[in-house]
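Peer 1: Shown below is the structure under consideration.
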């Protein structure tokens, strides 16, 4: 019975997403002037929906997405993007100082790697709670509560007196930070319609990809001149700045709450919204963690998630191993030099993230309303991870020129940046009214599995060699990516057959 319900839910979600995508492939922004917009019309009585946004509402409104002016969308995107910087900084700012940390605590390289890996596992696990919380109680309250907790736990990392104590507070940091990725994706799905969502997700993902550039650069400088503990002081200060920014500039965007506020202010305008009935029928409920996890294992999601997992894990495994490679002969680089070496992957991911989001949106009008077909070119772009792994692994093993390693990191950055905005966009289209919960499942398994791969890599690279490890990752990716491509191709064939059948019936 449970399996039947699961399969039925998958089919229903896909059908609903297809209908929703078809409705939104055209222009979806209907101009409704707000008092924060320079083009506001004087003489109107703006309604305040949540105490932070004042909008001119009327019964002519036809979409909830149109309730945000272009300027207000820009502000919202800027706020969540700046806040998103905390997550990659949390991962990457400590990387150049891992060797110094290892020496101070007289511990092994595996335990030093665990400072990063355990944080990722905790982030993934607790996103399963933060995601549903965001879908029920709203985006703002989750942002503020999680950031307050993160700031407090950062103090514990600063004053840690043993590797065990540091690991405990890194786990707690990850638990607090688990709210960020899921809540940011929820905000984007609230404010941008499916046809425009890929670009917004690509921009929102930029800070996640800037982290591997700026984080190690900043971390290398701080660690070398002020010690590795100072990196946690920087994280605590940055998180403290995010709290007032979110409180003052980010409105509550959760669609159910927005509709309720609009009904209280202007029932006629609320009733005129095309999504009103669907939103009202999707009353927020706190979904248990296994609901979010089940999203990943749905037939239309699993293969594409596995592609993203292997790309992400490959890139981050190589990034975590990079300081160890560069401190040995013939490179023997300083912490600042190691920080600079993260530039190729980060720059590539930044470029590809914007291109990947645009690619996903460009396919909206060419996919026949099927969200999976929008992944076609993004999936192809992930193939760059194979030459990237080979360049990096073989280059590090044979001690090649640094340019070879940098080319490998650059290619992996391109593959990662091009795919993740599309994957997040795809899942939020399938699960519009539980967007944060659905992406929580993705993040949970993504970070837990990636951490496992990182720890395994750190443990086995010494015995099998970095080149064998990278070749194994490339082989695993190739198998999964081929299966995902076949699934997309079969869906394309089905859509063509359906189109031909409709055309034949129409002509007869």
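Going from the start of the chain as shown, residues are counted 1 onward.
Backbone N, Cα and C atoms are what each Cβ position is placed from, and that goes for glycine too.
As the structure is a computational prediction, the values presented were derived from the model and not from experiment.
Found this in TrEMBL, in case it helps:
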- 1-23: region 'Disordered' (REGION)
- 75-98: transmembrane segment (TRANSMEM)
- 76-493: domain 'Major facilitator superfamily (MFS) profile' (DOMAIN)
- 110-129: transmembrane segment (TRANSMEM)
- 141-163: transmembrane segment (TRANSMEM)
- 226-250: transmembrane segment (TRANSMEM)
- 301-324: transmembrane segment (TRANSMEM)
- 336-356: transmembrane segment (TRANSMEM)
- 377-398: transmembrane segment (TRANSMEM)
- 404-429: transmembrane segment (TRANSMEM)
- 441-460: transmembrane segment (TRANSMEM)
- 466-486: transmembrane segment (TRANSMEM)
Peer 1: Quick one: do the transmembrane segment (466-486) and the transmembrane segment (301-324) have at least 3 Cβ pairs under 8 Å, skipping pairs fewer than 6 apart in sequence?
Peer 2: yes
Peer 1: Any chance the transmembrane segment (336-356) and the transmembrane segment (75-98) are in contact, meaning at least three CB pairs closer than 8 A with a sequence separation of 6+?
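Peer 2: These two segments touch.
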Peer 1: Return yes if the transmembrane segment (441-460) and the transmembrane segment (301-324) have at least 3 CB pairs under 8 Å (sequence gap of 6 or more), otherwise no.
Peer 2: yes
Peer 1: Mind checking which residues reach the transmembrane segment (377-398)? Cβ under 8 Å, same chain, six or more beyond either end.
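Peer 2: Sequence-distant neighbours of the transmembrane segment (377-398): 304, 307-308, 310-311, 314-315, 318, 321, 325, 352, 356, 359-360, 363, 404-405, 407-416, 418-419, 421-423, 465-471, 473-474, 477-478, 481, 484-485, 488.
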Peer 1: On the 0 to 100 pLDDT scale, where does the domain 'Major facilitator superfamily (MFS) profile' (76-493) sit on average?
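Peer 2: Mean pLDDT, the domain 'Major facilitator superfamily (MFS) profile' (76-493): 88.
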Peer 1: Do at least three C-beta pairs under 8 angstroms join the transmembrane segment (301-324) to the transmembrane segment (141-163), pairs 6 or more apart in sequence?
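Peer 2: No, the transmembrane segment (301-324) and the transmembrane segment (141-163) are not in contact.
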